[in-house]
Amino acid sequence: MELAKSFEPAAIEARRYPEWESRGYFDAGLDTSNPNAFCILLPPPNVTGTLHMGHGFNQTIMDALTRYHRMRGDNTLWQPGTDHAGIATQIVVERQLDAQGVSRHDLGREKFLEKVWEWKEYSGGTITRQMRRLGTSPDWKRERFTMDEGLSKTVTETFVRLYNEGLIYRGKRLVNWDPKLGTAVSDLEVVSEEEDGKLYHILYPFSDGPVGDLRGLTVATTRPETLLGDVAVMVHPEDERYAHLIGKTVALPLTGRHIPIIADDYVDREFGTGCVKVTPAHDFNDYAVGQRHQLDMIVVLKLDGSVPAVAERYTTDGQPREGVAMPAGVAGLDRVPARDKVVAELEALGLMLEIKAHKLQVPRGDRTNVVIEPMLTDQWFVAMSKPGADGKSITAKALEVVASGEIKFYPENWVNTYNQWLNNIQDWCISRQLWWGHRIPAWYDDEGRIYVAANEEAALHAWKADLEAEIARLQGEVQSRQSQGQTAEQYPDLAERLSVLHARYEEGTLRQEEDVLDTWYSSALWPFSTLDWTPEWPQKSNPALDLYLPSTVLVTGFDIIFFWVARMVMMTKHITGKIPFKHVYVHGLIRDAEGQKMSKSKGNVLDPIDLIDGIGIDELVQKRTFGLMNPKQAQSIEKKTRKEFPEGIPAFGTDALRFTFASLASPGRDIKFDLARCEGYRNFCNKLWNATRFVLMNCEGQDCGMDPHEPGTCVPGGYLDFSFADRWIVSRLQRTEAEVAAQFEAYRFDLVARAVYEFVWDEYCDWYLELAKVQIQTGTPEQQRATRRTLLRVLETVLRLAHPLIPFITEELWETVAPLAGRKDADSIMLARYPQADMGRIDEASEAQVAELKALIYACRNLRGEMNISPAQRLPLVAAGNAELLGRYAPYLAGLAKLSEVEIVAEIGADELAPVAVAGETRLMLKVEIDIAAERERLTKEIARLEGEVAKAEGKLGNASFVDRAPAAVVQQERDRLAGFKATLEQLRPQLAKLAGR
């Protein structure tokens, strides 16, 4: 097949990917006789989502690992799938309905869910189509969705089991509440940013009048409207100012209630007045204080964020008490107008002592931008710290498997984050007040009793069994009464109760829980639910589970170590007894070139598909300004975008983008994405393409030394006469193969990319191809044959080595190169064996010779530069040194240093006017006529310029302000410049001195 003149990625990508997929190259290996297994789980992206740079980055890493292990011959599974993304998906569909003037409540639950499933079918394939564009190779035949029948069954089975073990319970606790969505939300869905607010200083008068000079306690708060739910004022137990007041009460303004003054270590004595209001139903810290002090909880906001006429009141353990009437002027108001009303009334009473401007962290819903309210509601929870039947909590087990090294983090420092979160864990709220998601498998009877079961039939069965037991007990009591001679008129309540129970039994209905499970619950089961887990495993064999649980590595961002990683460890270990994965590779978050987070509101989002295909500036502006939460930002975003990308974004192709992602995968929290890197790696792909064209032009139709031959014939004059340059590139290849393998094992994909890049660009293309040209032009037939063989064999190996990072170009080139290189063992590079270093082929002598040759060539090039001689002008070289070595190097020197001839002499006279370069034991001089006056003038000017540069650099580096304040890299750059200027001066001054007397 003839290779195109230039690399055209779009055409290659469109052709190659369908070939790979249709031929089953991505299918999971299920060879149980092969003990080597590699499995990686795709963190399931939202089904309604689109590919963003973070997806592109971690999927490149996952695919590189998958291709690497597949080529090593391991059983390999990359498990793909998508997440139903409860809140995100429901919001999308509700917005669509809203545009039609319809609400989900107008449709009803069943009809609304039909609409969501329609949307899922329509939109769900977007992200997997985009993954294909990235060249990813998961086993698409095993693609899963978190609400598939099998996964949903696993969700139900685990919920029932945990409930029966006492590890799932229903309770009234404080949660993050989004009043607009009307549901509890996770911490990950809450964004806290600093905003301008106010700090209100309110006087709480003592119930029994002033105490000394004090009328009461002054409390500072940013939420005066929650004053209505206060149940105490707390001070620090060691605060001498208030020690004598502990145990007294204050009159709570506007309410007519009196609340105690309590002592608690939570109080910061240095902040404000040192007095803090306690509102357990509306603040997470206050909730904890309330639990410690057995304080009631008064809920002064309804779920929509408005103040009720009568606030619900609960004991510490969530039992209802008599409600608390709210002030008439405040009841019915939303929380913000309620705040204004409370402030006005406090001012009228003279109790508002001061209002100050104040910066505060305001929690807002990441999807609604509405202020999140800590809300006391009935929710379902997983008990994170409660010991199970084995005496250990699920959190303790999750900590143990990391502490023991059974699960390892890369980089290791993320263990601290994992431990910190788990050591400060709270029970996990797993219920959401949504319609889209896994409906909680719990049913209620008319008296509020809960029945958790796999299905309604099982719940009814349990309920009827309870009813039958109660009926039997009551009937036994009736019989006992009758045996004592009592008649029905004497136990009417008992008869009435029996009548009610019989009626209910005949009716036989239960009400299912309306809430659905938190999306993270089903995500926590992902490591085993996707492998078709059943409770019978491992007693009942399952090849996928047997081979791939635990999986090898999880690739994830640091932001979800707690929300996803830790929960997978807990749930998988508790349910299956196995860890979910052996390694956790934690990467940073992709940011723009300036280190800013990519976000719609900042207008700096990049779509990886746009980097692959390119996009015009007008279309890019339209994408960035469409659908903004704040349309006023459109103008500034457009201006910034047009300045940054005046011509739009060029097409880089998938391979260049993947190589860029891999090169950026260094340890750290932030990854700055610079488009210039993409351009550099596109150039790399072009260089690899052109190098292959060169090799093919010199090898196709030629004797490339691929015929069978005896090992002893690879000697001078034999069938293959390998030069020191041939042995050098093979030796360097072994070192590169070893480095790549080591860095893949260490999850240092940046170093994998660097090793491949430096070998291909710096050693194979820049040096070996040039050396090979000389050998093909000047060598014997045996040397030419050996050179062609080396060109092909090294190139073919390089293509396999680079394939996990840049799959498309390597497949395209390998198809042509492999047959010429004598490889006929695979139909695709994907199925070819990954290169493994043969350390016995490292040739240090040849490496030393090439290093010496390079030094000579650099010296010749430097001489040209010093004398301002055009690179195109061929000149003779005079060389003094080891005549045998120089004779061997002469053809290469002539070819690579653009010399007309190389004259080897015993020594170069001291009276020669031309500059002489020294490289090791060799002295080199270009034979050129010197215009003494002109050269003297040139050297004088150049020395003066360099002395000026030295003075400037020394002045900068002598300035303490520059050295202390400039970035370290800038200071080092200045030091390097100074060293370079001085080194050049050391070369030029002797040359000028030589000319001085002429």
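Glycine residues also receive a Cβ, built from the backbone N, Cα and C atoms like all the rest.
The average pLDDT for the motif ''HIGH' region' (45-55) in the predicted structure is 86. Here Swiss-Prot flags 45-55 as motif ''HIGH' region'.
Positions annotated as coiled coil by Swiss-Prot: 455-486 (among others). When Cβ-Cβ distances below 8 Å are used as the criterion, the coiled coil (455-486) is approached by residues 156, 441-443, 445, 449, 494-495, 497-498, 501-502, 504-505, 508, 510, 512 of the same chain, each at least six residues removed from its ends.
Annotated motif ''KMSKS' region' per Swiss-Prot: 597-601, in sequence order. Among residues of the same chain six or more beyond the motif ''KMSKS' region' (597-601), those with a C-beta under 8 A of the stretch's C-beta atoms are 52-53, 589-591, 624, 627-630, 633.
Under the DSSP three-state reduction, LYS600 (ATP binding site) is assigned to coil, being neither helix nor strand. Taken from Swiss-Prot, the feature ATP binding site applies to LYS600, supported by sequence analysis.
Swiss-Prot lists 929-989 (among others) with the feature coiled coil, giving sequence analysis as the kind of evidence.
Counting Cβ atoms from all protein chains shown, LYS600 (ATP binding site) has 17 others lying within 10 Å of its own Cβ.
Shown for the motif ''HIGH' region' (45-55): DSSP residue counts in helix, strand and coil, namely 3 helix, 1 strand, 7 coil.
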